[in-house]
Amino acid sequence: MNGRGESGYGSNSGGTGDNDEERRIFRRGLMDESLEEAKEQMLLMMPTALVYASSVLQWLVSFAVLGRLGEKQLAGASLGMTLSNLFGNVVTLGLSSALDIHLTQAHGARQIRSMQAALQRGMMVLTIACGCLSVVLFNGERILLLAKQDPELAQIGGTIMKWTCIAIWPMTMFDIVKRYFQAMSRLRPALVTTLFALVVTMLSNFVLVFVKGYGVNGVGASLFLGNMAMFLTIFAYYCYSEVPDSWWQLSDEAFERWQNFLSLAFPSLVMMFFEWGSFEVGLLIISYLGPETIATQTILMNAAYLLFTIPAGVSTAAVTRVGNHLGAGDGKAAAIASTVCGVLAGLSGIVAAALLTLTRNYWPYIYTNDESLLAAVIEVSPWLAIFELTDNIQTTLGAAVKGTGRPHLGAILTAIGFWVISVPLGSYISITRETVAGIWQGFLYGEIVLISSYIYALYVTDWPLMVEKAQRLVLSDAKSGDPLLKRKNSIPPSPIPETIFV
(Lines of atoms letter the chains of each structure in order from A and count residues from 1; the text may use other names and numbers.)
(Lines give C-alpha, C1' and ligand atoms only; values in the text may rest on other atoms or scores of the structure.)
Protein backbone atom coordinates (compact mmCIF):
# COMPACT_ATOMS: atom_id res chain seq x y z
CA MET A 1 0.00 0.00 0.00
CA ASN A 2 2.35 2.63 -1.26
CA GLY A 3 0.95 5.82 0.22
CA ARG A 4 0.97 8.99 -1.81
CA GLY A 5 1.89 11.37 0.98
CA GLU A 6 5.70 10.98 0.90
CA SER A 7 7.42 13.26 -1.53
CA GLY A 8 9.55 11.41 -4.03
CA TYR A 9 8.11 8.05 -3.09
CA GLY A 10 6.56 6.43 -6.08
CA SER A 11 8.34 8.66 -8.62
CA ASN A 12 11.61 7.99 -10.40
CA SER A 13 14.81 9.19 -8.78
CA GLY A 14 15.55 11.88 -11.37
CA GLY A 15 12.06 13.36 -11.35
CA THR A 16 11.68 13.36 -15.17
CA GLY A 17 9.38 10.34 -15.42
CA ASP A 18 10.62 9.68 -18.98
CA ASN A 19 13.91 7.96 -18.43
CA ASP A 20 13.41 4.20 -18.79
CA GLU A 21 16.76 3.42 -17.21
CA GLU A 22 15.96 5.46 -14.12
CA ARG A 23 12.58 3.81 -13.86
CA ARG A 24 14.20 0.40 -14.13
CA ILE A 25 16.70 1.28 -11.40
CA PHE A 26 13.91 2.57 -9.18
CA ARG A 27 11.80 -0.55 -9.65
CA ARG A 28 14.80 -2.79 -8.98
CA GLY A 29 15.59 -0.88 -5.80
CA LEU A 30 11.96 -1.06 -4.69
CA MET A 31 11.90 -4.80 -5.36
CA ASP A 32 15.11 -5.32 -3.37
CA GLU A 33 13.66 -3.38 -0.44
CA SER A 34 10.43 -5.37 -0.63
CA LEU A 35 12.27 -8.70 -0.66
CA GLU A 36 14.40 -7.65 2.30
CA GLU A 37 11.26 -6.55 4.14
CA ALA A 38 9.58 -9.87 3.36
CA LYS A 39 12.60 -11.69 4.79
CA GLU A 40 12.45 -9.67 8.01
CA GLN A 41 8.71 -10.20 8.36
CA MET A 42 9.04 -13.94 7.85
CA LEU A 43 11.73 -14.06 10.56
CA LEU A 44 9.17 -12.49 12.88
CA MET A 45 6.18 -14.37 11.54
CA MET A 46 7.29 -17.94 12.09
CA PRO A 47 8.24 -17.84 15.80
CA THR A 48 5.24 -15.60 16.55
CA ALA A 49 2.96 -18.17 14.93
CA LEU A 50 4.50 -20.85 17.16
CA VAL A 51 3.87 -18.71 20.24
CA TYR A 52 0.22 -18.28 19.29
CA ALA A 53 -0.12 -21.97 18.45
CA SER A 54 1.25 -22.95 21.85
CA SER A 55 -1.22 -20.61 23.56
CA VAL A 56 -4.18 -21.87 21.55
CA LEU A 57 -3.20 -25.49 22.12
CA GLN A 58 -3.73 -24.94 25.83
CA TRP A 59 -7.38 -24.14 25.09
CA LEU A 60 -7.69 -26.95 22.55
CA VAL A 61 -6.36 -29.47 25.06
CA SER A 62 -9.03 -28.32 27.50
CA PHE A 63 -11.77 -28.57 24.86
CA ALA A 64 -10.58 -32.03 23.86
CA VAL A 65 -10.79 -33.13 27.50
CA LEU A 66 -14.27 -31.61 27.83
CA GLY A 67 -15.35 -33.44 24.69
CA ARG A 68 -14.36 -36.71 26.33
CA LEU A 69 -16.40 -35.82 29.42
CA GLY A 70 -19.58 -35.54 27.35
CA GLU A 71 -21.62 -33.36 24.99
CA LYS A 72 -23.24 -31.34 27.78
CA GLN A 73 -19.92 -30.68 29.48
CA LEU A 74 -18.48 -29.48 26.17
CA ALA A 75 -21.52 -27.31 25.40
CA GLY A 76 -21.77 -25.81 28.91
CA ALA A 77 -18.06 -25.10 29.21
CA SER A 78 -18.11 -23.59 25.70
CA LEU A 79 -20.78 -21.12 26.81
CA GLY A 80 -18.70 -20.28 29.88
CA MET A 81 -15.54 -19.76 27.85
CA THR A 82 -17.50 -17.69 25.34
CA LEU A 83 -18.61 -15.28 28.06
CA SER A 84 -15.12 -15.37 29.58
CA ASN A 85 -13.74 -14.24 26.24
CA LEU A 86 -16.43 -11.61 25.81
CA PHE A 87 -16.21 -10.11 29.32
CA GLY A 88 -12.59 -10.97 30.05
CA ASN A 89 -9.98 -11.86 27.47
CA VAL A 90 -11.29 -9.57 24.74
CA VAL A 91 -11.22 -6.59 27.11
CA THR A 92 -7.77 -7.20 28.57
CA LEU A 93 -6.13 -8.20 25.30
CA GLY A 94 -7.79 -5.29 23.54
CA LEU A 95 -6.49 -2.80 26.08
CA SER A 96 -3.00 -4.30 26.14
CA SER A 97 -2.79 -4.35 22.34
CA ALA A 98 -2.48 -0.55 22.48
CA LEU A 99 1.05 -1.20 23.72
CA ASP A 100 1.93 -2.53 20.26
CA ILE A 101 1.74 1.01 18.94
CA HIS A 102 3.79 2.70 21.67
CA LEU A 103 6.34 -0.07 22.17
CA THR A 104 7.14 -0.68 18.49
CA GLN A 105 7.44 3.01 17.68
CA ALA A 106 9.53 3.65 20.79
CA HIS A 107 11.84 0.81 19.82
CA GLY A 108 12.19 2.27 16.35
CA ALA A 109 13.17 5.60 17.91
CA ARG A 110 15.55 3.81 20.33
CA GLN A 111 13.70 5.16 23.37
CA ILE A 112 14.09 2.27 25.80
CA ARG A 113 12.93 4.34 28.77
CA SER A 114 9.76 5.31 26.96
CA MET A 115 9.17 1.59 26.41
CA GLN A 116 9.62 0.82 30.09
CA ALA A 117 7.30 3.64 31.12
CA ALA A 118 4.65 2.27 28.74
CA LEU A 119 5.15 -1.24 30.13
CA GLN A 120 4.70 -0.12 33.74
CA ARG A 121 1.70 2.03 32.84
CA GLY A 122 0.06 -0.87 31.02
CA MET A 123 0.56 -3.23 33.96
CA MET A 124 -1.09 -0.82 36.38
CA VAL A 125 -4.06 -0.04 34.15
CA LEU A 126 -4.66 -3.69 33.26
CA THR A 127 -4.41 -4.84 36.88
CA ILE A 128 -7.29 -2.51 37.74
CA ALA A 129 -9.23 -3.75 34.71
CA CYS A 130 -8.72 -7.40 35.71
CA GLY A 131 -10.09 -6.70 39.18
CA CYS A 132 -13.26 -5.18 37.76
CA LEU A 133 -13.75 -7.96 35.21
CA SER A 134 -13.31 -10.68 37.83
CA VAL A 135 -16.47 -9.48 39.56
CA VAL A 136 -18.43 -10.03 36.34
CA LEU A 137 -16.84 -13.41 35.64
CA PHE A 138 -17.57 -14.68 39.15
CA ASN A 139 -21.29 -14.22 38.46
CA GLY A 140 -21.17 -16.08 35.15
CA GLU A 141 -23.86 -18.63 36.05
CA ARG A 142 -26.36 -15.85 36.82
CA ILE A 143 -25.58 -14.17 33.52
CA LEU A 144 -26.19 -17.39 31.60
CA LEU A 145 -29.47 -17.97 33.43
CA LEU A 146 -30.58 -14.42 32.62
CA ALA A 147 -29.80 -15.24 28.98
CA LYS A 148 -32.35 -18.11 29.27
CA GLN A 149 -29.76 -20.86 28.90
CA ASP A 150 -30.41 -24.38 30.12
CA PRO A 151 -29.78 -24.48 33.92
CA GLU A 152 -27.43 -27.45 33.69
CA LEU A 153 -25.40 -25.80 30.93
CA ALA A 154 -25.39 -22.54 32.90
CA GLN A 155 -24.02 -24.32 35.97
CA ILE A 156 -21.18 -25.88 33.97
CA GLY A 157 -20.41 -22.59 32.24
CA GLY A 158 -20.45 -20.72 35.54
CA THR A 159 -17.90 -23.15 36.98
CA ILE A 160 -15.47 -22.42 34.14
CA MET A 161 -16.01 -18.67 34.53
CA LYS A 162 -15.17 -18.77 38.25
CA TRP A 163 -11.82 -20.28 37.37
CA THR A 164 -11.36 -17.68 34.64
CA CYS A 165 -11.85 -14.83 37.10
CA ILE A 166 -8.60 -15.80 38.85
CA ALA A 167 -6.79 -16.88 35.67
CA ILE A 168 -7.30 -13.62 33.79
CA TRP A 169 -4.68 -11.56 35.66
CA PRO A 170 -1.64 -13.80 35.06
CA MET A 171 -2.64 -14.23 31.41
CA THR A 172 -2.92 -10.46 30.97
CA MET A 173 0.43 -9.75 32.64
CA PHE A 174 2.05 -12.37 30.42
CA ASP A 175 0.56 -10.70 27.36
CA ILE A 176 1.94 -7.29 28.36
CA VAL A 177 5.50 -8.54 28.92
CA LYS A 178 5.29 -10.59 25.73
CA ARG A 179 4.45 -7.45 23.73
CA TYR A 180 7.45 -5.68 25.29
CA PHE A 181 9.85 -8.33 23.99
CA GLN A 182 7.92 -8.65 20.75
CA ALA A 183 8.42 -4.97 19.92
CA MET A 184 12.18 -5.58 20.05
CA SER A 185 11.87 -8.72 17.89
CA ARG A 186 12.83 -10.87 20.87
CA LEU A 187 10.56 -13.85 20.46
CA ARG A 188 12.37 -16.58 22.37
CA PRO A 189 10.98 -15.60 25.82
CA ALA A 190 7.36 -15.94 24.73
CA LEU A 191 8.02 -19.15 22.80
CA VAL A 192 9.76 -20.87 25.71
CA THR A 193 7.13 -19.80 28.24
CA THR A 194 4.12 -20.82 26.14
CA LEU A 195 5.63 -24.23 25.41
CA PHE A 196 6.30 -24.72 29.12
CA ALA A 197 2.74 -23.64 29.95
CA LEU A 198 1.37 -26.08 27.37
CA VAL A 199 3.15 -28.94 29.14
CA VAL A 200 1.79 -27.73 32.49
CA THR A 201 -1.76 -27.59 31.09
CA MET A 202 -1.57 -31.07 29.58
CA LEU A 203 -0.16 -32.66 32.73
CA SER A 204 -2.59 -30.90 35.05
CA ASN A 205 -5.57 -31.90 32.87
CA PHE A 206 -4.44 -35.51 32.95
CA VAL A 207 -3.95 -35.54 36.72
CA LEU A 208 -6.94 -33.43 37.78
CA VAL A 209 -9.52 -34.76 35.30
CA PHE A 210 -8.61 -38.36 34.53
CA VAL A 211 -6.71 -39.35 37.67
CA LYS A 212 -8.46 -37.32 40.39
CA GLY A 213 -11.82 -37.14 38.61
CA TYR A 214 -12.49 -33.43 39.23
CA GLY A 215 -14.28 -33.06 35.87
CA VAL A 216 -15.02 -29.51 34.73
CA ASN A 217 -13.34 -28.07 37.83
CA GLY A 218 -10.17 -29.92 36.85
CA VAL A 219 -10.25 -28.33 33.40
CA GLY A 220 -10.71 -24.86 34.90
CA ALA A 221 -7.88 -25.37 37.37
CA SER A 222 -5.62 -26.53 34.53
CA LEU A 223 -6.28 -23.31 32.60
CA PHE A 224 -5.35 -21.28 35.68
CA LEU A 225 -2.15 -23.25 36.25
CA GLY A 226 -1.16 -22.84 32.59
CA ASN A 227 -1.71 -19.07 32.69
CA MET A 228 0.24 -18.71 35.92
CA ALA A 229 3.10 -20.75 34.47
CA MET A 230 3.24 -18.40 31.45
CA PHE A 231 3.36 -15.26 33.54
CA LEU A 232 5.88 -16.44 36.13
CA THR A 233 8.23 -17.81 33.48
CA ILE A 234 8.28 -14.78 31.19
CA PHE A 235 8.47 -12.35 34.11
CA ALA A 236 11.48 -14.26 35.48
CA TYR A 237 13.07 -14.00 32.03
CA TYR A 238 12.37 -10.27 32.00
CA CYS A 239 13.90 -9.75 35.44
CA TYR A 240 17.08 -11.67 34.67
CA SER A 241 17.58 -10.79 31.00
CA GLU A 242 19.82 -8.06 29.69
CA VAL A 243 17.26 -5.28 30.08
CA PRO A 244 18.66 -2.22 31.92
CA ASP A 245 19.14 -2.85 35.63
CA SER A 246 16.79 0.01 36.55
CA TRP A 247 13.66 -1.78 35.29
CA TRP A 248 12.15 -1.92 38.78
CA GLN A 249 12.29 1.86 39.24
CA LEU A 250 8.78 3.15 38.66
CA SER A 251 8.76 6.03 36.21
CA ASP A 252 6.74 9.14 37.04
CA GLU A 253 5.26 8.81 33.55
CA ALA A 254 3.77 5.45 34.45
CA PHE A 255 1.45 7.31 36.83
CA GLU A 256 0.93 10.63 35.06
CA ARG A 257 0.23 9.90 31.39
CA TRP A 258 -2.60 7.41 31.55
CA GLN A 259 -4.66 9.50 29.14
CA ASN A 260 -2.10 8.79 26.39
CA PHE A 261 -2.39 5.07 27.00
CA LEU A 262 -6.18 5.12 27.20
CA SER A 263 -6.48 7.21 24.03
CA LEU A 264 -4.90 4.27 22.19
CA ALA A 265 -6.27 1.51 24.41
CA PHE A 266 -9.98 2.19 24.05
CA PRO A 267 -10.01 2.19 20.22
CA SER A 268 -7.81 -0.94 20.29
CA LEU A 269 -10.27 -2.55 22.70
CA VAL A 270 -13.22 -1.61 20.52
CA MET A 271 -11.43 -2.98 17.46
CA MET A 272 -10.76 -6.33 19.11
CA PHE A 273 -14.13 -6.48 20.87
CA PHE A 274 -16.05 -5.95 17.64
CA GLU A 275 -14.09 -8.71 15.92
CA TRP A 276 -13.78 -11.32 18.67
CA GLY A 277 -17.15 -10.41 20.13
CA SER A 278 -18.88 -11.10 16.84
CA PHE A 279 -17.77 -14.75 16.98
CA GLU A 280 -18.85 -15.17 20.57
CA VAL A 281 -22.22 -13.50 19.96
CA GLY A 282 -22.64 -15.67 16.88
CA LEU A 283 -22.26 -18.74 19.09
CA LEU A 284 -24.78 -17.40 21.59
CA ILE A 285 -27.32 -16.69 18.83
CA ILE A 286 -27.18 -20.16 17.30
CA SER A 287 -27.10 -21.78 20.76
CA TYR A 288 -30.90 -21.66 20.71
CA LEU A 289 -30.81 -24.24 17.92
CA GLY A 290 -29.70 -26.89 20.44
CA PRO A 291 -26.65 -28.43 22.15
CA GLU A 292 -25.50 -30.19 18.97
CA THR A 293 -25.36 -26.86 17.14
CA ILE A 294 -23.32 -25.35 19.98
CA ALA A 295 -20.90 -28.26 19.89
CA THR A 296 -20.57 -28.03 16.10
CA GLN A 297 -19.84 -24.30 16.16
CA THR A 298 -17.42 -24.76 19.07
CA ILE A 299 -15.40 -27.32 17.13
CA LEU A 300 -15.32 -25.06 14.06
CA MET A 301 -14.28 -22.04 16.13
CA ASN A 302 -11.48 -23.98 17.78
CA ALA A 303 -10.21 -25.07 14.38
CA ALA A 304 -10.33 -21.42 13.30
CA TYR A 305 -8.44 -20.38 16.44
CA LEU A 306 -5.71 -22.92 15.73
CA LEU A 307 -5.40 -21.87 12.08
CA PHE A 308 -5.26 -18.25 13.25
CA THR A 309 -1.64 -18.99 14.15
CA ILE A 310 -0.75 -17.98 10.60
CA PRO A 311 -2.44 -14.55 10.48
CA ALA A 312 -1.36 -13.98 14.09
CA GLY A 313 2.24 -14.31 12.96
CA VAL A 314 1.84 -12.13 9.88
CA SER A 315 -0.18 -9.45 11.69
CA THR A 316 2.34 -9.28 14.52
CA ALA A 317 5.12 -8.85 11.98
CA ALA A 318 3.04 -6.14 10.29
CA VAL A 319 2.37 -4.02 13.38
CA THR A 320 5.95 -4.48 14.60
CA ARG A 321 7.67 -3.56 11.34
CA VAL A 322 5.35 -0.67 10.47
CA GLY A 323 5.67 0.71 13.99
CA ASN A 324 9.46 0.28 14.06
CA HIS A 325 9.86 2.04 10.72
CA LEU A 326 7.67 4.97 11.75
CA GLY A 327 9.51 5.32 15.04
CA ALA A 328 12.79 5.35 13.11
CA GLY A 329 11.42 8.14 10.88
CA ASP A 330 11.28 6.06 7.69
CA GLY A 331 7.83 6.48 6.17
CA LYS A 332 8.83 4.88 2.87
CA ALA A 333 9.92 1.67 4.59
CA ALA A 334 6.67 1.65 6.60
CA ALA A 335 4.66 1.89 3.37
CA ILE A 336 6.64 -0.98 1.86
CA ALA A 337 6.10 -3.04 5.02
CA SER A 338 2.33 -2.54 4.81
CA THR A 339 2.32 -3.80 1.22
CA VAL A 340 4.56 -6.77 1.89
CA CYS A 341 2.49 -7.93 4.87
CA GLY A 342 -0.64 -7.93 2.71
CA VAL A 343 1.02 -10.16 0.11
CA LEU A 344 2.34 -12.54 2.77
CA ALA A 345 -1.12 -12.68 4.35
CA GLY A 346 -2.71 -13.66 1.05
CA LEU A 347 -0.17 -16.42 0.41
CA SER A 348 -0.44 -17.79 3.94
CA GLY A 349 -4.24 -17.66 3.70
CA ILE A 350 -4.16 -19.87 0.63
CA VAL A 351 -2.01 -22.39 2.50
CA ALA A 352 -4.38 -22.39 5.50
CA ALA A 353 -7.48 -22.82 3.31
CA ALA A 354 -5.89 -25.68 1.38
CA LEU A 355 -4.77 -27.42 4.57
CA LEU A 356 -8.22 -27.17 6.11
CA THR A 357 -9.94 -28.45 2.96
CA LEU A 358 -7.61 -31.41 2.45
CA THR A 359 -7.92 -32.59 6.05
CA ARG A 360 -11.63 -31.89 6.61
CA ASN A 361 -12.42 -35.61 6.94
CA TYR A 362 -9.79 -36.15 9.63
CA TRP A 363 -9.24 -33.22 12.02
CA PRO A 364 -12.81 -33.24 13.54
CA TYR A 365 -11.96 -36.57 15.20
CA ILE A 366 -9.65 -34.66 17.55
CA TYR A 367 -12.74 -33.31 19.32
CA THR A 368 -15.42 -35.96 19.03
CA ASN A 369 -16.38 -39.42 17.81
CA ASP A 370 -20.08 -38.56 17.53
CA GLU A 371 -21.13 -39.31 13.94
CA SER A 372 -23.77 -36.57 13.70
CA LEU A 373 -21.32 -33.94 14.97
CA LEU A 374 -18.64 -35.14 12.58
CA ALA A 375 -21.02 -34.90 9.62
CA ALA A 376 -22.10 -31.37 10.58
CA VAL A 377 -18.51 -30.15 10.96
CA ILE A 378 -17.38 -31.67 7.66
CA GLU A 379 -20.33 -30.08 5.87
CA VAL A 380 -19.42 -26.55 7.01
CA SER A 381 -15.64 -26.96 6.55
CA PRO A 382 -15.52 -25.49 2.99
CA TRP A 383 -17.00 -22.21 4.24
CA LEU A 384 -14.51 -22.19 7.09
CA ALA A 385 -11.67 -22.66 4.59
CA ILE A 386 -12.74 -19.64 2.51
CA PHE A 387 -13.12 -17.63 5.69
CA GLU A 388 -9.53 -18.45 6.69
CA LEU A 389 -8.25 -16.91 3.47
CA THR A 390 -10.10 -13.63 3.95
CA ASP A 391 -9.38 -13.57 7.69
CA ASN A 392 -5.64 -13.78 7.05
CA ILE A 393 -5.71 -10.72 4.84
CA GLN A 394 -8.19 -8.72 6.95
CA THR A 395 -6.35 -9.31 10.22
CA THR A 396 -2.96 -8.41 8.78
CA LEU A 397 -4.07 -5.24 7.02
CA GLY A 398 -5.88 -4.18 10.19
CA ALA A 399 -2.63 -4.66 12.12
CA ALA A 400 -0.78 -2.50 9.58
CA VAL A 401 -3.35 0.28 10.04
CA LYS A 402 -2.97 -0.08 13.78
CA GLY A 403 0.81 0.09 13.47
CA THR A 404 0.45 3.55 11.99
CA GLY A 405 -1.12 4.66 15.27
CA ARG A 406 -4.73 4.75 14.04
CA PRO A 407 -6.66 2.16 16.08
CA HIS A 408 -9.69 4.47 15.96
CA LEU A 409 -9.91 3.96 12.19
CA GLY A 410 -9.64 0.20 12.65
CA ALA A 411 -12.39 0.33 15.28
CA ILE A 412 -14.79 2.13 12.94
CA LEU A 413 -14.13 -0.21 10.02
CA THR A 414 -14.35 -3.31 12.23
CA ALA A 415 -17.68 -2.14 13.63
CA ILE A 416 -19.07 -1.80 10.11
CA GLY A 417 -17.62 -5.06 8.79
CA PHE A 418 -18.62 -7.32 11.66
CA TRP A 419 -21.64 -5.69 13.32
CA VAL A 420 -23.37 -4.03 10.38
CA ILE A 421 -22.72 -6.88 7.94
CA SER A 422 -21.34 -10.13 9.43
CA VAL A 423 -23.40 -10.67 12.59
CA PRO A 424 -26.84 -9.59 11.28
CA LEU A 425 -26.45 -11.38 7.95
CA GLY A 426 -24.89 -14.51 9.44
CA SER A 427 -27.51 -14.74 12.19
CA TYR A 428 -30.35 -14.33 9.70
CA ILE A 429 -29.02 -17.09 7.42
CA SER A 430 -28.30 -19.46 10.32
CA ILE A 431 -31.69 -19.04 12.01
CA THR A 432 -33.84 -19.08 8.86
CA ARG A 433 -32.02 -22.07 7.37
CA GLU A 434 -31.18 -23.69 10.72
CA THR A 435 -27.56 -24.20 9.72
CA VAL A 436 -24.20 -23.30 11.27
CA ALA A 437 -22.86 -22.45 7.81
CA GLY A 438 -24.84 -19.20 7.80
CA ILE A 439 -22.65 -17.65 10.51
CA TRP A 440 -19.50 -18.31 8.48
CA GLN A 441 -21.08 -16.96 5.32
CA GLY A 442 -21.90 -13.74 7.15
CA PHE A 443 -18.32 -13.44 8.43
CA LEU A 444 -17.01 -13.97 4.92
CA TYR A 445 -19.07 -11.14 3.40
CA GLY A 446 -18.15 -8.74 6.19
CA GLU A 447 -14.44 -9.44 5.84
CA ILE A 448 -14.51 -8.77 2.11
CA VAL A 449 -15.80 -5.27 2.90
CA LEU A 450 -13.12 -4.85 5.58
CA ILE A 451 -10.29 -5.89 3.25
CA SER A 452 -11.38 -3.36 0.63
CA SER A 453 -11.58 -0.62 3.26
CA TYR A 454 -8.14 -1.36 4.73
CA ILE A 455 -6.50 -1.40 1.30
CA TYR A 456 -7.94 2.02 0.51
CA ALA A 457 -6.99 3.41 3.94
CA LEU A 458 -3.36 2.33 3.54
CA TYR A 459 -3.21 3.54 -0.06
CA VAL A 460 -4.17 7.11 0.88
CA THR A 461 -2.06 7.21 4.06
CA ASP A 462 0.05 10.33 4.54
CA TRP A 463 3.23 8.57 5.67
CA PRO A 464 5.23 11.70 6.60
CA LEU A 465 2.37 12.69 8.90
CA MET A 466 2.41 9.21 10.47
CA VAL A 467 6.16 9.61 11.10
CA GLU A 468 5.55 12.96 12.79
CA LYS A 469 2.85 11.49 15.04
CA ALA A 470 5.06 8.56 15.98
CA GLN A 471 7.87 10.90 16.99
CA ARG A 472 5.51 12.92 19.16
CA LEU A 473 4.20 9.78 20.87
CA VAL A 474 7.53 8.23 21.81
CA LEU A 475 9.18 11.50 22.80
CA SER A 476 6.28 12.68 24.96
CA ASP A 477 7.63 10.69 27.90
CA ALA A 478 11.18 11.96 27.52
CA LYS A 479 9.97 15.58 27.43
CA SER A 480 8.34 15.27 30.83
CA GLY A 481 11.60 15.62 32.74
CA ASP A 482 11.53 12.13 34.25
CA PRO A 483 15.19 11.29 34.94
CA LEU A 484 14.52 7.61 34.33
CA LEU A 485 13.62 8.46 30.76
CA LYS A 486 16.56 10.76 30.14
CA ARG A 487 19.49 8.48 30.83
CA LYS A 488 20.77 5.41 28.99
CA ASN A 489 18.32 5.85 26.12
CA SER A 490 19.79 2.99 24.16
CA ILE A 491 18.34 -0.35 23.25
CA PRO A 492 20.26 -3.63 23.43
CA PRO A 493 20.87 -5.13 19.99
CA SER A 494 18.09 -7.31 18.64
CA PRO A 495 18.80 -10.89 17.61
CA ILE A 496 17.22 -9.98 14.26
CA PRO A 497 19.34 -7.57 12.16
CA GLU A 498 17.93 -4.08 12.64
CA THR A 499 18.02 -3.05 9.00
CA ILE A 500 15.40 -0.37 9.67
CA PHE A 501 18.02 1.80 11.33
CA VAL A 502 20.41 1.80 8.38
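Each Cβ is built from the backbone N, Cα and C atoms, and glycine gets one as well.
Curation does not apply to TrEMBL; its annotations are automatic.
Keep in mind that what you see is a predicted model, and the values were worked out from it rather than measured.
The compositional bias 'Gly residues' annotation in TrEMBL covers 1-17. As annotated by TrEMBL, region 'Disordered' applies to 1-23. Taken from TrEMBL, the feature transmembrane segment covers 49-66, 123-140, 160-177, 189-211, 223-240, 299-322, 334-358, 411-431, 437-459.
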> Would the transmembrane segment (123-140) and the transmembrane segment (49-66) count as touching if the test is at least 3 Cβ pairs under 8 Å, pairs 6 or more apart?
Replying inline: no
>> Can you work out whether the transmembrane segment (49-66) touches the transmembrane segment (189-211), with the criterion being 3+ CB pairs under 8 Å where the paired residues are 6 or more apart along the chain?
In response: yes
>> How about long-range neighbours of the transmembrane segment (189-211): same chain, 6 or more residues beyond its ends, C-beta under 8 Å?
In response: 47, 50-51, 54-55, 57-58, 61-62, 65, 69, 174, 177-178, 181-182, 217-219, 221-223, 225-227, 229-230, 233-234, 237-238, 241
>> Using Cβ atoms and a strict cutoff of less than 8 Å, what residues sit near the transmembrane segment (223-240) while being 6 or more residues removed from its termini?
In response: 55, 58-59, 62, 163-164, 166-168, 170-171, 173-174, 177-178, 180-181, 189-190, 192-194, 196-198, 200-201, 204, 247
> Looking at the transmembrane segment (334-358) and the transmembrane segment (437-459), are there 3+ C-beta pairs under 8 A, with each pair at least 6 apart in sequence?
Replying inline: yes
> In terms of Cβ proximity under 8 Å, which residues at least six beyond the ends of the transmembrane segment (160-177) contact it?
Replying inline: 76-77, 80-81, 83-84, 88-89, 92-93, 96, 99, 119, 122-123, 126-127, 129-130, 133-135, 137-138, 140-141, 189, 193, 216-217, 219-221, 223-224, 227-228, 230-232, 234-235, 238
